[in-house]
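**Q** Below are the features listed in Swiss-Prot for this protein:
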- GLU106: active site, proton acceptor (ACT_SITE)
- CYS350: active site, S-methylcysteine intermediate (ACT_SITE)
- CYS126, CYS130, CYS133: [4Fe-4S] cluster binding site (BINDING)
- GLY176, GLU177, SER208, SER231, LEU232, HIS233, ASN307: S-adenosyl-L-methionine binding site (BINDING)
- CYS119-CYS350: disulfide bond (DISULFID)
- 112-345: domain 'Radical SAM core' (DOMAIN)
Amino acid sequence: MAELNKTKVRKELRTERPSIYSFELDEIKQWLTDNGEKPFRAAQIFEWLYEKRVSSFEDMTNLSKDLREKLNTRFVLTTLKTAVKQTSQDGTMKFLFELHDGYTIETVLMRHEYGNSVCVTTQVGCRIGCTFCASTLGGLKRNLEAGEIVAQVVKVQKALDETDERVSSVVIMGIGEPFDNFNEMLAFLKIINHDKGLNIGARHITVSTSGIIPKIYEFADQQMQINFAISLHAPNTEIRSRLMPINRAYKLPDLMEAVKYYINKTGRRISFEYGLFGGVNDQVEHAEELADLLEGVKCHVNLIPVNYVPERDYVRTPRDQIFAFEKTLKSRGVNVTIRREQGHDIDAACGQLRAKERQDETR
């Protein structure tokens, strides 16, 4: 049996039977051609994967038995197993998925008036080391394959199928730094955006980075219509370095230059995520400083009242202070909103459920 074209297969993929969810339509067409099959079968395979959401290759009944055997020999469908599922009173659902090698990752379904949004994970753990985040506890174990990211959305969609609902948007803001897994992230974006894939519109997809500057330039050059966000969390270098050690490598002034390049290249505005930490970055003077930093930048600021993480020392900003911060930014002409909080009664903070399960395993 012909192998997949190695120039097309990303180096992060496992050499043994990778998930078929890792491959774009053109890659499957090429594999079919190399194995004596008609390339139009690729569209049929995509239909079985993303519209009918089958659980095995045997269920792909309009494919020949020989082709189904070839698929089963070369690929697996998915390696995700649901280990834990939590449901909040507000409808938020958090999934802990176990991977083929025993590692676990988190995925969150958030319900909004405008639809259902899925927050996906791109890495097992994270190397960035943000001092407020549960995702970095235990460090980085490995990157996810595109198929492991795609399968998160498919798994959540299968859960929604029970109530005839649909995933309407995707945010890449789960565990890990997406730009640390750049090629697999791009493949994921193309697969879920494809009209024969999950067909999620580009403007309903958001990717967030902590600020890996070279990849911001590379992402801008992709000219994708994907929404783009940066985890900023500070109005100046001193505070950002305290909260986010990555700022020591990729400094704030250089980050802002990359932001301007992205905006000029794509014509799109950028979002800044700004977590409010009591007594650290949440004073009115910090809001004034943030407004100075963002002056003339085509952007939106998303203020985030932080979730409590037991392993971290930060405290929540009082509600009236959050509103004062927002009011100050608005008075300076900054487009700003306060993120609606969800999942209070479950392990909602990013990486929190995974960290909790890891603690239970070591007891």
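Backbone N, Cα and C atoms are what each Cβ position is placed from, and that goes for glycine too.
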**Q** Using a 10 Å cut-off on CB atoms, tell me which of the binding-site residues SER231, ASN307 is the least crowded.
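**A** Per-residue Cβ counts within 10 Å for the binding-site residues SER231, ASN307 bottom out at ASN307.
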**Q** Sorry to bug you, but what's the C-alpha spacing from CYS130 ([4Fe-4S] cluster binding site) to LEU232 (S-adenosyl-L-methionine binding site), rounded to the closest Å?
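**A** Cα of LEU232 (S-adenosyl-L-methionine binding site) to Cα of CYS130 ([4Fe-4S] cluster binding site) measures 11 Å after rounding.
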**Q** Select the closest residue to SER208 (S-adenosyl-L-methionine binding site) from the following recorded positions, measuring between CA atoms: CYS119, CYS126, CYS133.
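**A** Nearest listed residue in space: CYS119.
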**Q** Mean pLDDT for the domain 'Radical SAM core' (112-345), as a whole number?
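**A** Averaging the confidence scores along the domain 'Radical SAM core' (112-345) gives 95.
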**Q** Tell me which residues of the chain lie with their Cβ under 8 angstroms from that of GLU177 (S-adenosyl-L-methionine binding site), as long as they are six or more apart in sequence?
**A** THR122, GLN123, CYS126, ARG127, ILE128, THR209, SER210, ILE212
**Q** Note down the number of other Cβ atoms within 10 Å of the Cβ of CYS126 ([4Fe-4S] cluster binding site), including every protein chain shown.
**A** 26
**Q** Record lists GLY176, GLU177, SER208, SER231, LEU232, HIS233, ASN307 as binding S-adenosyl-L-methionine; longest Cα-Cα distance in Å?
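**A** Pairwise Cα check on GLY176, GLU177, SER208, SER231, LEU232, HIS233, ASN307 gives a maximum of 19 Å.
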**Q** Provide the number of Cβ atoms within 10 Å of the Cβ of CYS119 (disulfide bond), excluding the reference atom itself.
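**A** Summing over all protein chains shown, CYS119 (disulfide bond) has 23 other Cβ atoms within 10 Å.
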